[in-house]
2 protein chains.
Amino acid sequence: MADKKKRRRADSDSESASQPFKNLLKSDDQILQILKSFTTCFSSSSTSKPLTLADLALSTTCREVSDLSLSSVQSAIESLVLQLAHQILSGQGFSFTVPSRSSSNQLYVPELDRIVLRDKSTVRPFSHISSVRKTTITSKILSLVHQLCLKNIHVTKRDLFYTDVKLFQDQIQSDAVLDDVSCMLGCTRSSLNVIAAEKGVVVGRLIFSDNGDMIDCTKMGMGGKAIPPNIDRVGDMQSDALFILLVEKDAAYIRLAEDRFYNRFPCIIVTAKGQPDVATRLFLRKMKTELKLPVLALVDSDPYGLKILSVYGCGSKNMSYDSANLTTPDIKWLGIRPSDLDKYKIPEQCRLPMTEQDIKTGKDLLEEDFVKKNPGWVEELNLMVKTRQKAEIQALSSFGFQYLSEVYLPLKLQQQDWL
Amino acid sequence: MADKKKRRRADSDSESASQPFKNLLKSDDQILQILKSFTTCFSSSSTSKPLTLADLALSTTCREVSDLSLSSVQSAIESLVLQLAHQILSGQGFSFTVPSRSSSNQLYVPELDRIVLRDKSTVRPFSHISSVRKTTITSKILSLVHQLCLKNIHVTKRDLFYTDVKLFQDQIQSDAVLDDVSCMLGCTRSSLNVIAAEKGVVVGRLIFSDNGDMIDCTKMGMGGKAIPPNIDRVGDMQSDALFILLVEKDAAYIRLAEDRFYNRFPCIIVTAKGQPDVATRLFLRKMKTELKLPVLALVDSDPYGLKILSVYGCGSKNMSYDSANLTTPDIKWLGIRPSDLDKYKIPEQCRLPMTEQDIKTGKDLLEEDFVKKNPGWVEELNLMVKTRQKAEIQALSSFGFQYLSEVYLPLKLQQQDWL
């Protein structure tokens, strides 16, 4: 008898040794209480109207685009063409005035916590050898977008390119002019009905409509729902979730979907499977805005994990003209953070040495304004660069495949351990 | 009046000039009749039992794996370990006997139309410097899979790797041994509950269950349903489709999903967005087998398009041991075929010159048995290599973005133009 008892105790000891900190976990009800008060407090604070360029008196020196209806885009193109005709008839020649999207024309605005575009423009004359091709491409793209408006259909950037391979030569050229056209018309790229390939998935406590069909993301099995490429046909979002869990990678997403983590702690789980694509960024922003839920990010503990978080949060330089629509402010860095490696005793053999390139990327990030404004992030990033160690979310598998969903995440939530 | 009439005729002339062959299209009802008789004829012919290795008297010289239940996998591991213990106790030392997966041990069987593995094996002794690591890795993977059986959960290959980075060093090593373990136990990799990241999507006339949730793929908006990573939790497939449309790329998939092509011609549309992954291959096979529907493939007109078709159809060399479960026999090559470029008057500026590498890949394909056995494919591939021209599905966009869904595909179906 005594023997048996001892063995049982030894078993549970070894369990907690192999799954460190499991003994710190409170009951799910207690963790839920903690989350509920956080979410309530969060949603009441986020009802304050977000700052705009106008509030900061930047609306004349910075440029932003907005979502326009198809008919407004159509009218904008038609008046632009009319204006060009007048210009030509009055002897001024044929040229477009195109907002500059170069990095010298970009600005990080701390109050908004995102990158925006300044107001510099360049003139693109048809009658100059250096710009005749680009002017022709611009006219062609305007005419294609006008067609899309008339037909009310969506196409991909690849489709656009293929309408005239000889003219565009390379998809990079038609893609770049497409962004120019967005800036010229003052509308988002989604308003042009040109979409990028989808790759994100969502699962959990969310109901929404996709092109008229109601989707219940708790009933999407393990595969989840593919995030629609066209946000303008997404609507009617409803949810009883307490937070949104933004996951960098597929493997962690699959673990959480199979364990139906969203039923234990009501949440919506979303991933773009690596680099954030436009569709997933728009979808995340829409969820955050409509549902007023906090967003917690689960990314790898390496410079690219933080970089990915920053694209969701502050935008990419390439599309800074549309940062107001593409970014989700105030994303919390839940983990895996550099300090977690020691805190959660991630075994040495599951940590990887950083390469010189990793170190450089880490140091570059330390110079970025969006990192600097968050002292907690600076501290973590300094630790990463100092220890020269990185780890993927999967490193937690060394404590058992379900350690992520059964111990690590619940404990993080219980301790409100995010930055 | 006369003027107006003339103009209208001119309009419709220019419409048919810009959308070649639109005037050849019969009514949808007529095309549906053609499809119905094809599908009926197809499904009655496909009820004959497929050939097996045993039918060809190859079961002793070739090796195949099959789906095993979790408990069978568990027992198989336990008896293997018991056998090893006996081996060690009887003084024969510790070694695994592992089926060889090298290309010299692979065989294309024309009657089966797929690649299979021969029966050669190698011995992996623990007490030899060249194999001690691999033997240790094999033991570790066996023990991890045994854990998965006990817990009945799925993990990704990345998760497995991360349980002991120091031992595996590189994910390629743990992945390779995982395939070895499948062969040793005689079961599919899915039976081991180890899955690859999902990337496929499906939309159209299909209802199925994913992990207990019923999914109606006509109600998945434009985004479609993400194909579940674990096929063993997929079931209850129902459909009123007449065929399955297998699409190579995302852009074409999005076009067809937005146009709800599956409502005009009842079908199921599926894509792996490029290279076929295991989950999409398993899903396609399951649809074809359970629903007895013909599969029509829409791929780029280049050697890689045909290569992708062949992986769905005959399998990849890497996983030839599991070809019986992963391959979907008798996929029809609908388009874009090299002969379509002239037939559909694809403009010169939308065709691309093939690189030397493309030509080499094309010539290599001509040597492959699975191409040789289909004279129509050989002819098309010869034409491609001779003209040195390739084109993506998107090349059809030069006739308008909806030419694919409104003219090209309906005409292909009407003319039963597949090989």
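Here the Cβ of each residue, glycine as well, is placed from N, Cα and C on the backbone.
Curation plays no part in TrEMBL annotations; they are all automatic predictions.
Now, the feature entries from TrEMBL:
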REGION    B:1-20  region 'Disordered'
DOMAIN    B:133-194  domain 'Spo11/DNA topoisomerase VI subunit A N-terminal'
ACT_SITE  B:Tyr162  active site, O-(5'-phospho-DNA)-tyrosine intermediate
ACT_SITE  B:Tyr162  active site, nucleophile
DOMAIN    B:198-234  domain 'Type II DNA topoisomerase VI subunit A all-beta'
DOMAIN    B:243-413  domain 'Topoisomerase 6 subunit A/Spo11 TOPRIM'
BINDING   B:Glu248, B:Asp300  Mg(2+) binding site
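In terms of local Cβ density within 10 Å, B:Glu248 ranks first among the binding-site residues B:Glu248, B:Asp300. In the three-state DSSP reading, B:Glu248 (Mg(2+) binding site) counts as coil.
Listed by sequence, the residues of this chain that lie at least six past the ends of the domain 'Type II DNA topoisomerase VI subunit A all-beta' (B:198-234) yet keep a Cβ under 8 A from its Cβ atoms are 67, 154, 156, 190-191, 240-241, 245, 253-254, 257-258, 261-263, 266-274, 277, 279-280, 282-283, 286-287. For the domain 'Type II DNA topoisomerase VI subunit A all-beta' (B:198-234), the DSSP counts in helix, strand and coil order read 3 helix, 15 strand, 19 coil.
Secondary structure counts, DSSP: the domain 'Spo11/DNA topoisomerase VI subunit A N-terminal' (B:133-194) has 47 helix, 4 strand, 11 coil.
Filtering the recorded positions B:Tyr162, B:Glu248, B:Asp300 for a Cβ under 8 angstroms from any Cβ of chain A leaves B:Tyr162, in order along the sequence.
Just so you know, the Cβ of B:Tyr162 (active site, O-(5'-phospho-DNA)-tyrosine intermediate) picks up 25 other Cβ atoms within 10 Å once every protein chain is counted. Here the CA atom of B:Tyr162 (active site, O-(5'-phospho-DNA)-tyrosine intermediate) lies 37 Å from the CA atom of B:Asp300 (Mg(2+) binding site).
B:Glu248 (Mg(2+) binding site) and B:Tyr162 (active site, O-(5'-phospho-DNA)-tyrosine intermediate) have their C-alpha atoms 32 Å apart, to the nearest angstrom. Reduced to three states, the DSSP call for B:Asp300 (Mg(2+) binding site) is coil.
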